[in-house]
Amino acid sequence: MNRQESINSFNSDETSSLSDVESQQPQQYIPSESGSKSNMAPNQLKLTRTETVKSLQDMGVSSKAPVPDVNAPQSSKNKIFPEEYTLETPTGLVPVATLHSIGRTSTAISRTRTRQIDGASSPSSNEDALESDNNEKGKEGDSSGANDEAPDLDPEIEFVTFVTGDPENPHNWPAWIRWSYTVLLSILVICVAYGSACISGGLGTVEKKYHVGMEAAILSVSLMVIGFSLGPLIWSPVSDLYGRRVAYFVSMGLYVIFNIPCALAPNLGSLLACRFLCGVWSSSGLCLVGGSIADMFPSETRGKAIAFFAFAPYVGPVVGPLVNGFISVSTGRMDLIFWVNMAFAGVMWIISSAIPETYAPVILKRKAARLRKETGNPKIMTEQEAQGVSMGEMMRACLLRPLYFSVTEPVLVATCFYVCLIYSLLYAFFFAFPVIFGELYGYKDNLVGLMFIPIVIGALWALATTFYCENKYLQIVKQRKPTPEDRLLGAKIGAPFAAIALWILGATAYKHIIWVGPASAGLAFGFGMVLIYYSLNNYIIDCYVQYASSALATKVFLRSAGGAAFPLFTIQMYHKLNLHWGSWLLAFISTAMIALPFAFSYWGKGLRHKLSKKDYSIDSIE
């Protein structure tokens, strides 16, 4: 084969006439000054060297495709080159033909895509659409005759990767920059979570302005939390297609704008509608920041960084009544609460928009577009571009699969229920404390807000403890292959503290007992809730590693639903059951849930194999 007869110059024994020595030495692509011209004739294409079979094998690429990273695009399935977003190669280009030579073949989804382009039909069942993955080769839909006869991806396609030491790869950014971005993004989560509970420190101002009861005023909190559960349906696809930075810029910009009608709302209906939309817009901070942090750290070291993300959504709501109780008492103005919230959101909007793009698929997509322009080769692309992205795939990844998991995965549902309980209890505290410290002790909103400080202190204590848990996990990784159950140490430590906090709260809610008694319950609860969330979040990821985003979406929906529901009956519960039994009822439930992390630690693997329709966990990875 003559070099000038081929668009891509990949080297292999089957396709190259170069010498064996030359064919095993990949050459780095160097753009020319004329590379900016995109309308090149075929004989004017700038040829580039790409990876060979040997160079890929030397980097550990084998015939068996690994499970995609948790941050890989969810709209594409059965990738033949899932390491594209994490692997660095000397040339930055990997031909499909070379992958075929190694033993990687096009998958059912890519063949289906080709048939659709060619105009052929490709019917499949809903179950196949939801469950098709690398471990289901022998199932219906993956081994059909139609699939075997379908053509593979064009062998002249060249997949783009990061080059060795690529400064565009977020993993290669200096450590201080990555940790700085981690802290800033965690503050973004605190900002969003703060916004959900900001009005809880001044519900009396809502009652006074609109002449409504407390139950109606509480809806201004609940509806924003409900918005958190629906927003990911918008921002996850936007992030997959256009990147994290675009999603933050658009969503946080809308959030800032919609705080204006919240402050100026002429009636309660307008306020509630705008609060719901604020939840939808701002939810990008809750559903994408964990991914942004994971983008910047390899899987071996991202655990400690993710701990900051686990800390933020539980501390943010606590800051709401802490700050706005003083605004409510000193000014009595509801609108000022939203102006302060808008200012905080505006600052974080600017900061989040200034953080560079961290999502590897989008970075590589832009790099591929640049290389196509410089070389004139239209077949340089990412695997996501080669397979194509359809709205149907987006809907399956973002909506249908989470719903599917919620009815077919009992282990996931039980884990999500515990996360939902802890999150709901946090929002219950926002309305239990005003009853205990406001009605019993006679404190005003500003002093009631100060009672939330112990929760923050407990959460900070838990954040430090997550580093201990992470070090223990890394020790296990060095000794043997880890299991999802190894992630449960934090939950086993934190679960008793969350229950103890509620027992203390009920036992000390007497006027003759100094306020330190019930306030100290916040220390134990803050410590327990962060550890439980940190641990169970990692457990869900490891149990459903192949579809982690969908499993986490199920968690977000159930958690937000619980967080929205609990405030609606907390005050009535404390009034009907009294201050002691109101807390003890929740304490009984929390005490029963202590068994969950311990039970899963001992029997989790067996339960997953018996109760789950399929094993999605890291245990299934050879």
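Here the Cβ of each residue, glycine as well, is placed from N, Cα and C on the backbone.
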Residue pair Lys209, Ser328: same membrane side in Swiss-Prot: yes
Listed as phosphoserine by Swiss-Prot, one of Ser55, Ser106, Ser617: Ser55
Phosphothreonine: annotated position in Swiss-Prot, out of Thr98, Thr331, Thr358, Thr554: Thr98
Candidate set Ser16, Ser32, Ser124, Ser132, annotation phosphoserine, source Swiss-Prot, matching residue: Ser132
Among Ser62, Ser101, Ser406, residue with annotation phosphoserine (source: Swiss-Prot): Ser101
DSSP-derived structure type at Thr98 (phosphothreonine), helix or strand or else coil: helix
Thr98 (phosphothreonine), number of other Cβ atoms within 10 Å: 28
The transmembrane segment (216-236) in contact with the transmembrane segment (584-604), cutoff 8 A, at least 3 CB pairs, sep 6+: no
Chain residues in Cβ proximity to the transmembrane segment (447-467) (below 8 Å; excluding those fewer than six residues from its ends, i.e. six or more beyond): 201, 304, 307-308, 310-311, 314-315, 318-319, 321-326, 426, 429, 433-434, 437-438, 490, 493-494, 515, 518-531, 534
Outside the transmembrane segment (276-296), six or more residues from its ends: residues with CB under 8 Å to it: 70-71, 170-171, 173, 178, 181-182, 185-186, 188-189, 191-193, 195-196, 223-232, 234-236, 239, 244, 247-248, 251-252, 254-255, 258-259, 262, 302, 305-306, 308-309, 312-313, 345, 348, 352, 355, 358-360, 552-553, 556
Tally of DSSP helical, extended and coil residues in the topological domain 'Extracellular' (572-583): 12 helix, 0 strand, 0 coil
